[in-house]
């Protein structure tokens, strides 16, 4: 169905490069060069690697899951192991290298430090130089392996994410529409599957660190004997504490995900029904509703993040205490150690420190989160699906339908005798809520909880009651995955009366359709929806009230040409409230009170009038009889091309892409929402203080080691011995105090920061929703729901959890790097020179990388929008999709979109790892400089200082690496804040103007030279409208579908800017605040919208009206489905029932100006009479404007306006116009 295809991609250079190029990431060279010279675009994204293809991974997962379902033993972990276990084991086996280095590095470091121990005899300068060289070589190997290892790990996570995203979308295509939770499905694909990437990385790091711990314990055992048991004991206690916290985190995570599901559901509903929300002035109500859920969600997220960082604080405390406990116990047992041994312990703890401080707590957190995700994904995948949604029996060409007893969703359809339908048109009629639409869905097997005897033999095509259009072109909406047959296609356009509509569009059938067809009239949507159904060559056509939204002329033409002639050899089941069309059917199924009253060939007692029989449709909007001349139908005109051969490549989900660095305004706004510079400075001050204390701990350890070395050597100088002993006792007392103070400050800093971050995220989200919902309608016309939802899902996810995490770590690493540089400088100030030079080098690398990283990150977010757009469209049209058997096509296109996103994500990861390799050079340079300097001035260096500097070099380079990586990552991630802020700058509807009391009084409406164009580059859809509606006048607006009737209404409530003037009681509505204007006008829209929630919330979301007022409105429209106002409203109500709820909204508001937009189009005659009674009696003292297709009650109106192509071509008293033989209204009336 994708009309606009992406251009052919270049092959990823990694695929065919030599291993040496891949080892050093040299295959990213072209991306870096091009990205530095010019901004990267989607055309620069490589073709996805074969092993990353969504289809390949999705097929594998689907096949394995199906096997588990067949065995009735389903498990997500087992599924992961079966599909990814072997590959993961290969990654784990590569950990042999870092484990070997973990064995070697402490021993090499000990040997090198031993050279600087007073009185050493076993090592020469040459030996020390050799050990120094080995230390450098081991560091180089470790760094190269580290970044290649993490690339493979990230690649593995990307593949898991892509595979499960594809699997969940496939499951969505198989699910029964009645059990689909839209908010949860969006959350699963946008948030839950992303946990795989993080979890894989963190859990693997934990496994890696566990192997390191084993190696370190072995090394320590060989050096200090049984004392090594202290280290694993402390680690075990730490992990136990973290596990307990993780159990709490898992519970909170499940709660937060459910809140996120609910938020997505409400936002999606709001975006889909934005016109209804604006016309009813519900923006503020929805803001409060979203804000309430968001507040609960962010409260849970804040607590989760605080707990996560408290785990890190706990682990840091255990790490700091480990060395102290080992040394203290050795002193207690009078076990003396050399400086080399003590620094070996420090170095060993440093090796496992990142695991204790970071990987273990975060891995346990990820495991807890992953368990919650497994549960949610498993629940969705275990839902039974009906693969044979529509049955086909090619062996039997006979089409037969036996209905006996059917029950579904509390509706019961009972046929007292056997009913066979073997051909012709069968009309299904009945009052509202009787189950007409349900019967068709039962025939398509959309509902499985059906009791009774049902047989459908033959292929089915289905047209839904509420038109569903997919975001694509008109042509692709009609073809809908079927092969193109030009003759059939053109004939379908003709019989569905679409030719003139296509001629009026500049792009013809290549015109893009927005979400739900919002840029088309309801009649155009209905006819495209019908054209899609009849284009497919099927045996049975189920048409659910497809003619209701059409004016009489078009409806008659479509019925005659399409239903009766084009489908004459097929079985057609047509749901219709029209007695006229039921009279022309071969069979009638009448449903009343949940029972099939009649199901036999219908004998029409009233013969068709010759006038109706001879009427033919004229594209000019006029009716001619055969007596007046030859029939004029929709004809093809060679001079006006209907099918555009548009080869230009355009993206359906286009977004504005910012170039270069993130704007400084984004940083200012984010800091402001975090509490401003003062509070951020306070966090930074606390972070600096904490780092000072950490550096003090390291310095105190160095002093203690030197003292222990003196005591170990048993120096004869008594004063030196006493001084060393005093230092030992001082360290035994003050070191734990400093550790305790550090822990307290870290805890306070963590809580303070995450409270600020949660408030910032809450404010940004609420600001985003507020600005979006108050934007002009042009914003929603230009931006698809999938694009907007992407800001509320992926971008907000980053702002909730990832951006503040990076920001906090950035401050910590900055303070850590500065503290370590100062600490090293206290040993030898000459170390400042390489530190400064290295940092200058790293800044240049960072500047070089930032532009490329930002461009790729922006593209990663942009390429995600189509995925959300496809999910959103699929959720809306699931029944149509499955009946049309288009699942394979949609799955293929979804996989293609995901492949683009996967390739972009992988390119970003590769370039990021290449950047990390460049940064790794500083550690090698600084380590080499230190070793050379120590060997050059060996006589002036103590073992304690040498060990301190070398251990701090490893810590410094790690801190600097992470600091610069966090800077670039923070800049990349701030793109999400930039994208959110971009939407907050959208032009807002004016709330300024004159507010008057007791206005309007007379409710006289006057249009003066009104023109309307939806876009400045398009023709006017309304042209020079001039008319007046007097007080209490009832006005009917009639005309062909797409003639501009609804557009006229949109000007009155100022949904769009217009030229000219509209006066109400001689007040120009442009001078009024838009919310004040809409508060005085009630609009019952063409498309009735129901929101998830209670009946009260659907009728009065603002809570302004009393229960008595609401019940009075319900009683007025005879809505008897509900027993109390707090009863949940089912989303599967009929259109007629939804329309009655919409009428209740207008009744409780009691505005003196009421607008009805074709509300009688899809209702039966009894409901239509009821609505007319409400207009005539309840709204007798009101000014009423009604857009109408059914003209049965036209004489009860005071004024009729006939609209065609945006112009009023006829107006006047209806009785006078009907008396004129040649009037347009008279011709329309005859067609009823």
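Backbone N, Cα and C define each Cβ position, glycine as well.
Note that the structure is predicted; figures quoted are calculated from it, not measured.
Per TrEMBL, the range carrying the annotation transmembrane segment out of 67-87, 88-108, 151-171, 172-192 is 88-108.
In TrEMBL, the annotation transmembrane segment applies to 831-850, one of the ranges 771-790, 831-850, 851-870. Check TrEMBL against the ranges 634-657, 706-729, 802-825, 874-897 and you find transmembrane segment recorded for 802-825. Checking TrEMBL for transmembrane segment across the ranges 604-621, 658-675, 676-693, 946-963 points to 676-693. Annotated by TrEMBL as transmembrane segment, the relevant range among 533-557, 558-582, 733-757 is 733-757. Within the listed segments 16-41, 198-223, 224-249, TrEMBL records transmembrane segment for the stretch 224-249. Within the same chain, residues 23-24, 97-98, 101, 104-105, 108-109, 111-112, 115, 917, 920, 923-924, 927-928, 931-932, 934-935, 938 sit at least 6 positions outside the transmembrane segment (128-144) and bring their C-beta atoms closer than 8 Å to a C-beta of that stretch. If you look at the transmembrane segment (733-757), the same-chain residues 6 or more away from its ends with a CB under 8 A from one of its CBs are 302, 305-306, 309-310, 312-313, 316-317, 320-321, 324, 674-675, 679-680, 682-683, 686-687, 689-690, 693-694, 696-697, 700-701, 704, 804, 807-808.
At the 8 Å Cβ threshold, with sequence separation of at least 6, the transmembrane segment (802-825) lacks contact with the transmembrane segment (917-937), having fewer than 3 such pairs. Counting same-chain residues at least six beyond the ends of the transmembrane segment (676-693), those with a Cβ under 8 angstroms from any Cβ of the stretch are 738, 741-742, 745-746, 748-749, 752-753, 756, 808, 811-812, 814-816, 818-819. Taken as a whole, the domain 'ABC transporter' (1005-1230) shows an average pLDDT of 87 in this prediction.
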